[in-house]
Amino acid sequence: MHAFGAVAFIALCVIRVAFGVEPPKTMELKNDMNYDKIKKAFPKTADADLVSRRIKLESLNSKVMSKLAARSAPVNITKNPKFDERPGTPPSIADINRPLSPYLYQMDTILTDQQMNEVVANARKKRKATSYTAYKWPTKAVGVIPYFLDASLTAEKITVIQAAIKFWEDNTCLKFQPNGAGSNSLLFFNGGACYSYIGMIGGQQPVSIGDGCQYLGIVTHEIGHALGFYHEQSRYDRDNYVTVNLANVISGYASNFDKATPAQMNLYNVTYDYGSVMHYASEDFAIDSSIPVLIAADPRYQQTMGQRRAPSFLDVLTMNRHYGCDALCTSCSSSTTVCQNGGYKDPNNCNQCKCPASFGGTYCETLAPAENGVCGASLTATAAWQSFSATVGTTSTTDIPTTCYWHLNSPAGTTMEVKLTLTGGSCNAGCFWNSVEIKLDNDYTKTGIRHCCLADYPSTPYVSTTNKVPIIVYGNYQTAFTIQYRYGKKFASHCGYNNDNGSHNHSDNDNSKT
């Protein structure tokens, strides 16, 4: 009977094809209220191929859901704070792209047929940064990345796209050429959502900057995909840093939390960064947005996830390693450039360093100057409590933030206690409008603990593991705070560790694969 049923099904399909009757799944696609948006995103893809794409992603969803269900469910989940509904706050990419989600991989990427088959089969080529040469664009040493701006883009979108391109040019060894010649190029257009292919796929490939996507953090995110980045929480080591709260994931969306294996990923020896512009927000794909889907292993970093301001220091470092930009600074003329505090040689000027936030000077040896304001200081802690208060930003929102830096310093071999009190500011997911960021360990390269809501800081002091604590404060909207600090007990250093103003140093020539 079962065999008869299979034969009957095949016969029915033959009859449908013979008489021009479309299969049910294709008819379902055409009747989808979002059909026009789907076809706009996939203009050259036949309906039957779109159906096949959706079926493959549904299959992936089942596999990922089974893997997530096999892991221990999170306990003692803390609800998200009530976020301010401030005009101008970037919408979630997940929400913008909801109509296209059955056809997109991980929220905002389009896979080629080859990539789709590799991902679904859990094959060999899926990476945070796709390292295969075939998927890489040329560096400026050998060529440019041609790009075109479609007539569907508004002036506002074009301005943000150009700013995002400039960001990647200024911080890497890549060069973009408007209306440039070449068989491979990027076409920025309004595709009704925010999405991109991953890496260079050949030919003219679209990058959609739809309505709601016109923010620097979102556009640099999409260009990051086009240059080869996957999402940060796709890393094979992500379970050491976040737990997926499957019980709060919308049905059918588990595949957005797919991850790779150690054999599939090249992390370029860069640590996990909660503050990566490629990281999901904690509430993306949530049934109840007041309950996080992604839960930080260290709860202090819960609000650091999902920022859409700009790529982080480690995002830029990873991109430079992905394209071998560090190799440009191996000549004898730059051998005297020794970067400190986690900095690395600037591929656009090998005689100076690219520095983690709050560090400045030629070699990242000093406190960085404030940006768009007069604020910040290098302060010396004592055994007694000291404090300072500051207000950063203005009472009206602005596109140009004020950014201030403080360094809290204590004697060699000591740690510090730091208390934070927020007295004003806007509470937003990912701390878009304002943040007080504190770095407590000696890896100054990764994003620190960000605070913008009253629930973001503990009643007890933070305790550092180093004798230098950077404080980074930005405000596109006014934030007010007080910091109290003192140094704690001395402790004996041990082999392999130095807390005296040290930093985990991603060395200039470290390009190892994991």
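Quick reminder: no glycine exception, Cβ is built from N, Cα and C everywhere.
Please treat TrEMBL annotations as automatic predictions, because they have not gone through curation.
Feature annotations, courtesy of TrEMBL:
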{"type": "ACT_SITE", "residues": "GLU222", "note": "active site"}
{"type": "BINDING", "residues": "HIS221, HIS225, HIS231", "note": "Zn(2+) binding site"}
{"type": "DOMAIN", "residues": "128-326", "note": "domain 'Peptidase M12A'"}
{"type": "SIGNAL", "residues": "1-20", "note": "signal peptide"}
Which residues, sitting 6 or more apart from the residue listed as 'active site' on the same chain, put a CB under 8 Å from its CB?
ASP108, CYS194, TYR195, SER196, VAL207, SER208, ILE209, CYS213
Looking only at the domain 'Peptidase M12A' (128-326), what is the mean pLDDT?
93
Look at the binding-site residues HIS221, HIS225 and tell me which residue has the greatest number of other C-beta atoms within 10 angstroms of its C-beta.
HIS221
Listed in sequence order, residues not in HIS221, HIS225, HIS231 with Cβ within 8 Å of the centre of the Zn(2+) site Cβ atoms:
ASP108, THR109, SER196, GLU222, GLY224, PHE229, TYR230, VAL277, MET278
Would you mind checking how many other C-beta atoms are within 10 angstroms of the C-beta on HIS231 (Zn(2+) binding site)?
24
Determine, from DSSP, whether HIS231 (Zn(2+) binding site) sits in helix, strand or coil.
coil
